[in-house]
Amino acid sequence: MTTPLLGQSAEELRIWVESQGQPAYRAQQLHRWLYQRGVRSLMEITDWPKAWREQVHSVPVGRSQVVRQSAAADGTIKYLLAGADGETVETVGIPAAERLTVCVSSQVGCPMACRFCATGQSGFARNLGVHEIVDQVLTVQEGFGRRVSHVVFMGMGEPLLNLGAVVQALRVLNGDIGIGQRQITVSTVGVPGQIRRLGTYKLQITLAVSLHAPNQDLRLKLIPTAQHYPIEELLEDCRDYVETTNRRVSFEYTLLAGINDEPHHARELAAILRGFQSHVNLIPYNPIEGVEYERPGEARVRAFERELVRHKIAASVRHTRGLEEAAACGQLRRRSLSGEAQSASTRA
């Protein structure tokens with residue numbers, strides 16, 4: 001199958017256009033139609049000769065199909081997108097007064113199987129291609145009728161298990177769509193060796209590490225794959241990342257009532273992060289059907305935050321968006337084309 005055009009750089013598009021016997025300026029036209037106008041078929045490119053459009057009409061652009069979308073009261077919109085093979089992912093547009101953020105997925109499902117995450121309970125099918133990642137941003141721009149300003153890789157999947165496609169997508173989002181690297185965040189639960197590998201690209205993105213526990217024993221209960229990546233090794237790799245990129249690391253910490261939200265957990269977390277160039281994002285657990293964890297009360301959440309700050313750790317509580325439409329952090333799922341949620345034992 002021909003590689004989709006979406007996700008290719010300006011130089012790659014020039015090479016393709018010239019390989020078709022066309023002048024280089026046609027690549028500039030193609031670039032504009034792909035990344036500014038969001039074309040879905042080459043037949044739509046009206047400033048190309050009709051004869052050539054007909055000649056290349058079967059070359060895939062790489063746009064996904066919007067199967068359904070649902071809006072929350074706060075303006076958040078969740079999209080269910082289907083790829084060419086029928087596999088689906090969810091992506092979320094999160095509007096604010098002066099910004100529009102897209103929460104993008106990097107895989108169909110997720111193999112990390114975190115106990116408190118809906119995606120982790122829905123099984124894993126495959127990695128997304130560069131075009132499928134970039135398409136999510138274009139879809140949200142089209143849906144909201146405004147430019148996307150921020151991108152967070154916090155949707156379905158573990159980005160560092162699809163690092164090649166993610167890095168190429170980052171370059172397209174930055175260089176071809178015009179989103180600043182510092183407005184892009186990549187979240188990871190941690191994959192041995194991959195944080196250091198990401199650091200070698202010297203990108204100015206924000207790395208967000210899903211920690212969720214202050215010690216290895218508790219983290220292993222919440223994140224089964226932590227058995228391959230001791231928390232001490234994870235933190236050492238994060239320190240290396242800070243030194244290599246001169247960018248601080250954000251640590252994500254989902255607060256689960258009675259599990260990891262006690263004052264002693266906050267003190268233990270402060271101890272392991274002391275001296276770290278970092279920030280802690282506290283995320284009150286967003287309920288998932290069939291999972292026994294509970295969301296702590298507001299007072300408990302604020303007490304945890306105060307304890308971290310008291311120990312000189314920069315911390316803040318993330319405001320939940322899209323909760324009633326299951327579009328909040330940890331709530332995205334693999335689904336069938338009908339919108340039915342998938343589990344690890346079912347296939348779309």
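In case you wondered, yes, glycine gets a Cβ from its N, Cα and C as well.
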Further S-adenosyl-L-methionine ligand in Swiss-Prot, beside Gly157, Glu158, Ser210, Leu211, His212, Asn286, within candidate set Ser149, Ser187, Ser316: Ser187
Ser187, Ser210, Asn286 as binding-site residues, winner by CB count within 10 A: Ser210
Around the Cβ of Cys117 ([4Fe-4S] cluster binding site), the count of other Cβ atoms that are within 10 Å: 26
Local confidence of the domain 'Radical SAM core' (96-324) - pLDDT mean: 94
Distant-in-sequence Cβ neighbours of Cys110 ([4Fe-4S] cluster binding site), under 8 Å, six or more positions away: Cys117, Thr119, Gly120, Ser122, Phe124, Met156, Gly157, Glu158
Cys103 (disulfide bond) as reference: those recorded positions from Glu90, Cys114, Ser210, Leu211, His212 with C-alpha within 10 Å of it: Glu90
